[in-house]
């Protein structure tokens with residue numbers, strides 16, 4: 001039974017049993033800072049289980065794409081070396097939101113697994129576990145399903161604390177939780193391993209295939225378990241694992257999905273064996289990287305993008321190990337789309353983007369390796385002792401993306417040790433910085449306890465009278481806030497826009513009969529809109545009538561920039577192509593910043609085109625319309641949804657420009673007519689990560705100011721080059737070209753002088769035990785010229801050791817060369833190190849060529865004079 005057939009059968013079975021088939025959610029969790037990537041089927045229903053969201057169905061089934069790489073759930077280093085570890089996997093699941101419970105859930109699982117209409121697995125091969133005190137589940141398995149009691153195992157608190165058990169599931173320290181029952185397949189006594197709960201349970205004999213979680217309690221901060229009024233069910237069965245069982249193989253990499261990918265990888269890599277762990281790594285990583293890119297993640301140095309970058313580079317590194325000499329990952333995408341594109345249409349739609357991103361990242365990695373090798377070489381030249389410091393290893397990895405394992409390979413070649421303890425100290429410090437910055441480290445159940453909601457009125461008004469529902473001093477509720485005290489204010493209604501969708505929160509003032517609260521920012525906390533600031537006069541009390549007034553100037557300026565962002569997005573897609581997608585934005589009163597997916601820098605002509613298109617839409621002065629509709633209707637109208645944003649069942653659709661030039665889902669504040677924007681100008685365009693570009697732009701008065709200052713600067717330049725606005729650019733180009741030409745001529749003169757001086761020095765070489773030895777100083781010569789001159793002298797002298805030094809900017813540069821045959825006894829690296837240390841510096845390199853330097857110039861003559869004796873000592 002093929003993997004695709006198992007997936008279809010699972011969804012069909014539960015659909016027949018009244019479940020809504022829900023599409024897999026994105027691998028990027030929407031509006032959930034606790035989670036790096038979607039790693040379980042229940043992630044998209046988290047708010048439903050917590051009672052914060054309501055769906056129009058109470059039972060659902062999914063095939064959810066998942067990634068476990070980075071963060072708490074990290075399988076990356078095990079991938080390729082075990083039978084069942086993956087960075088990407090599919091989780092089949094069925095869910096009940098207060099509908100059915102234990103009896104139905106257990107019966108559904110058993111019927112699907114064992115019925116001849118479905119998977120038809122031998123019942124005698126199945127063993128189940130239940131939580132030790134879950135008598136209800138035990139009774140259902142034993143007396144209703146008919147599983148022999150000796151194959152029902154009770155698992156207690158086996159992790160050192162109450163309710164800490166393999167068979168008790170918890171969302172966090174507090175919140176929904178409950179027992180679970182797991183179904184295992186017994187491969188038989190000929191396979192090593194014991195049953196669940198036994199000392200040798202980690203063997204391969206008993207393999208877990210399905211986990212059924214019963215959410216029946218709410219755990220409070222005091223550790224008490226309170227029954228939920230509507231218990232729920234969350235189940236999960238890994239597609240790869242059940243496919244291995246159904247296809248009679250013991251490794252997930254032997255199932256049909258992987259076998260075809262492995263064969264394709266072998267072909268692309270010139271026939272490498274599919275048994276190679278390297279190919280299993282590549283087959284796994286092409287799945288996770290491709291799906292992540294399809295869901296909008298791009299390689300970068302922070303957050304989710306850094307994990308993607310690590311996955312891609314790990315795959316590329318393993319490709320290099322089996323002979324890859326050029327980028328190859330992008331060549332595997334077509335086969336992946338062929339295998340999984342029907343089940344996941346977003347993969348097929350993004351094929352071109354995935355291929356380009358992978359190719360670009362592999363090319364960048366090749367450059368990184370080259371740069372990293374040079375940096376490592378430099379660090380080794382400065383090394384004191386035989387151990388590479390942990391900080392150096394960390395910097396190469398963290399700043400330059402240079403793999404730790406590659407640093408280790410080079411260390412072994414040089415007989416050097418690695419300070420991995422120091423590396424771990426640096427890594428932990430980075431993790432601490434990330435936690436303190438709040439990157440994916442927020443506790444979902446922590447924060448303000450706000451049990452009230454606010455209505456936003458700011459689309460139609462910027463001021464009004466409302467009621468103060470709640471006050472907070474820090475995270476503590478307060479009855480009043482007094483003068484000078486910082487805090488938070490929640491109103492029943494408010495015209496203040498809470499930060500969202502890249503638009504900053506409003507500022508302004510809240511006034512009561514007894515005081516004034518200055519609002520510095522506005523944010524959303526659950527269903528409440530929170531005004532952040534401080535009391536500037538008197539005091540503010542709960543229950544008072546509050547006159548709220550938004551800073552009109554800042555709101556208007558922000559609206560200009562937000563509306564311009566929509567026009568910019570549409571213009572970029574028109575000029576660059578439909579692959580352009582928003583990756584992030586910042587909209588405030590001063591400017592707009594827009595990050596978007598694109599694979600190369602924009603040309604000046606493309607920037608000019610985009611500016612012209614946006615300004616044409618501004619001059620058209622068309623009205624901006626908003627309409628609230630269902631998500632399906634919005635999609636039919638062509639509205640763009642933005643990466644990383646969370647949308648409800650109904651959405652606000654914003655249309656602007658001629659012939660609906662731009663249609664997007666947006667809850668932000670905007671101009672009434674495009675002409676209100678006034679003017680649009682792009683101030684800069686640059687890259688922020690591989691495949692991501694950033695535009696910073698201005699509108700209205702700031703745009704006019706920018707144009708005027710740019711014009712004044714151009715006039716100043718024209719005067720300096722004795723031209724005018726029309727000829728200034730050509731004159732500057734001519735000056736630059738002339739400067740380059742003069743620099744070349746200066747370098748040539750320096751090289752000739754060095755060569756001439758070197759030729760003269762050849763006569764000064766001393767015979768040391770049949771070897772010509774020359775140590776001398778050349779004035780006014782840079783390091784490159786020194787190296788060229790050393791090569792010339794080696795060729796001229798024959799069997800020779802040459803060391804030359806020059807002084808520039810208060811530092812001595814040293815280059816040494818030894819002819820090939822003699823470098824076995826006299827090593828250039830050792831020679832440079834000996835001389836550099838006398839000058840208070842460092843040096844090193846290859847046996848035939850090395851370089852270094854020092855700062856104690858007064859010792860240079862003595863250091864050069866010591867060379868002959870040192871060489872004699874090396875020759876013995």
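Every residue, even glycine, has its Cβ placed from backbone N, Cα and C.
Per Swiss-Prot, the features are:
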type	residues	note
BINDING	562, 566, 666, 670	Zn(2+) binding site
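Residues 503, 559, 563, 565, 624, 654, 656, 664, 668, 669 surround the recorded Zn(2+) site, their Cβ atoms falling within 8 Å of the Cβ centroid of 562, 566, 666, 670, which are themselves excluded.
Counting Cβ atoms from all protein chains shown, residue 666 (Zn(2+) binding site) has 26 others lying within 10 Å of its own Cβ. Cβ-based neighbour count (10 Å, all protein chains) for residue 670 (Zn(2+) binding site) stands at 25.
The DSSP secondary structure for residue 562 (Zn(2+) binding site) is helix.
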